[in-house]
Amino acid sequence: MVESWSFLDTAESNFRPLVVIELAKGTKEETIEWFTKRIVDKKADGGAQLLIQPLVMENGVENIYLVGASHLRLLLGAETVGLVKECSDNSMRTFTYSSRKTFKHFADDNHNFLTMAECQYIIKHELENLRAKSEKMIPGYPQAKLYPGKSIVRRLLTSGILVQIFPLHDREELKKLSHSWYGRVKVGYQPLDDIRCYFGETIALYFGFLEYFTFALIPMAVIGIPYYVFAWEDYDKYVMFATFNLLWSTVILEVWKRMCAILTYRWGTLLMKRQFEEPRPGFHGVLGINPVTGREEPVYSSIKRQLRIYLVSLPFVCLCLYFSLYVMMIYFDLEQWALDYHKENESNFSSLMLYVPSIIYAIVIEIMNRIYRYAAEFLTSWENHRLESSYQNHLILKVLVFNFLNCFASLFYIAFVLFDMKLLRQSLATLLITSQILNQFAESLLPYWLQKRYNRKMKKRMCSKKTDTDLSLAEQVNMEKEMGTYLGTFDDYLELFLQFGYVSLFSCVYPLAAVFAVLNNITEIYSDALKMCRVYKRPFAEPTASIGVWQLAFETMSVISVVTNCILIGMSPEVDALFPDSKMDLVLTVALVEHLLLALKFIMAFVIPDKPRDIQMKLAKLEFESLEALKQQVRAFQMQL
């Protein structure tokens, strides 16, 4: 590897811009000169060994730079980040430059061996790993302190010198992807492999899960329609539907693990080794020595972090949960008022008024969820977690707890305190449908309309001016840098998580919940695809082997659904009639059935393998070959001695 870097040339005749760097206007010349020099310097000198060119805009300001890399540099970078590619024998192996000829479709003149998303991911990795050597500060900005090993890009971002870094769209490829993805309404699967090549594995896996979950909802929807038509008021019949619900919620999650393994093996991320996590950009503390790496980095007391979590964050979350319950009780007061009004008037208007409290409450829930999300992000950032994974886990836990209580507390109260199945059905339908409409509007329609409006203004302004640089490239960069930033799949998975809760917890009393979920998800696929291609800047690809902590969240929800549906079954008149003398026998029987079903659920999870047999064999074979290669290296070293 060292020899490979030594002969790498930083110059290339055909410069291909891949990543855009926008510096703050008025950035000092010495800062720009130092930063660009570090980008193009050789790896041996602490640089990234990339290519960079300024993009001169019509006003002559040079605060935007285009970053690329030579083909050889990208191949060596692919080895550094541990990309996994398909070999000529159809096996998946970690790419190494020395064995490049053994990989399928590789040729020295084939610049498409690495996808554009992979190239941009490599450049992002190299830029983020630009580290200070002996510098004590960023040149020109004495307040922006540096120390050996500190990420230069992260310091520039936190100091406000670097505005943003984002990957460029490939307009031709984006046009093809848009046409095959959402350009025409069709019945069929999404082009997940094309999505993965363009946006990376994390986003492709989300759309794969969204597609899978939509298909998994179809059996519930098919059963729910006749159940709704023929047994609308007959709650005795929901025992069968609830029983099917129990099995369905377990099986679909176990089958998804297998589907996920198939996709990620094909994409190579199932084999990628986890890299050592660096401190997150917002982490701060007193400069010290990391005992693992031996490098200087900020050190923050874990005791202080725990005190912040338990003395500030936890009480705040509990206060928010109490406020959510208080709002819920106001909602029930409104429900009672609407019911009294209907009894007094008995008109079409009063019938419509029965749905008004639920609609208002659904809107309030969405507003509270969004406000709490900002508060949770602020608190989690203030807790000062060292690693991004730790930050994400604490944020997800806070958001899930609040969203679960905020969205489902009223339904639990209606079902198990008021015992009002008619109100439960009405509230569930209103909450589900209203939340779906609001999410579609807030996440897709409104951003798309605003972005389209901005694009029209930008095109008019760009066409009215003459510049020396490539007008189309300048126009593209100008439009993309003003687009919204895609903040990740967090909100998308959260929406599916809540939808899964509505369907699995109480759908037996409102069978059309799965039908509305299917219809929403079909439009969600198209609206999210439109959002990714037209509304937001292109996100950097992020390799992943699973949906992460969301798998655990969905499994937890399925466990809660077992308990909920067992209690609903026990409350049905049909089951209640079997225990006319002793209610305690009914409670004990329901508890026994619930424990047996949970045991069955965990047995099914154990029996159904997470990975298909053929993938298990391929992984075992690769592990055996790696061990044999390591043994040969050890023998060769011993013979040299």
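Cβ coordinates come from backbone N, Cα and C, glycine included.
The structure displayed is predicted, hence computed values, not measured ones.
Feature annotation from TrEMBL assigns domain 'Anoctamin transmembrane' to 195-621.
TrEMBL lists 212-232 (among others) with the feature transmembrane segment.
Same-chain residues lying 6 or more positions outside the transmembrane segment (238-256) and placing a CB less than 8 Å from one of its CB atoms are 209, 212-213, 216, 219-220, 223-224, 227, 231, 500, 504, 507-509, 511, 551, 554-555, 557-558, 561-562, 565-566, 568-569, 572, 574-575, 597, 601, 604-605, 608, 610. The feature transmembrane segment is assigned by TrEMBL to 238-256 (among others).
For 309-332 (among others), the entry in TrEMBL reads transmembrane segment. Counting residues 6+ beyond its ends, the transmembrane segment (309-332) has Cβ neighbours under 8 Å at 357-358, 360-361, 364, 368, 372, 375-376, 379-380, 382-383, 394, 398, 401-402, 405-406, 409-410, 413 in the same chain.
For the transmembrane segment (352-372), same-chain residues at least 6 beyond its ends with a Cβ under 8 Å from one of its own Cβ atoms are 320, 324, 327-328, 331, 334-335, 337-339, 341-342, 399, 402-403, 406-407, 410, 426-427, 430-431, 434-435, 438-439, 442. The annotation transmembrane segment is assigned in TrEMBL to 352-372 (among others).
What TrEMBL records for 395-416 (among others) is transmembrane segment.
Per TrEMBL, the feature transmembrane segment maps to 496-519 (among others). Residues 209-210, 213-214, 217-218, 220-221, 223-225, 227-228, 235, 238, 241-242, 245, 248-249, 400, 403-404, 407-408, 411, 415, 421, 424-425, 428-429, 431-433, 435-436, 550, 553-554, 557-558, 560-561, 564-565, 568 of the same chain lie 6 or more positions beyond the ends of the transmembrane segment (496-519) yet place their CB under 8 Å from a CB of it.
Annotation comment: TrEMBL describes 586-608 (among others) as transmembrane segment. Sequence-distant contacts of the transmembrane segment (586-608), counting only residues of its own chain at least 6 positions beyond either end whose CB sits under 8 Å from a CB of the stretch, comprise 246, 250-251, 254-255, 257-258, 555, 558-559, 562-563, 566-567, 569-570, 575-576, 578-579.
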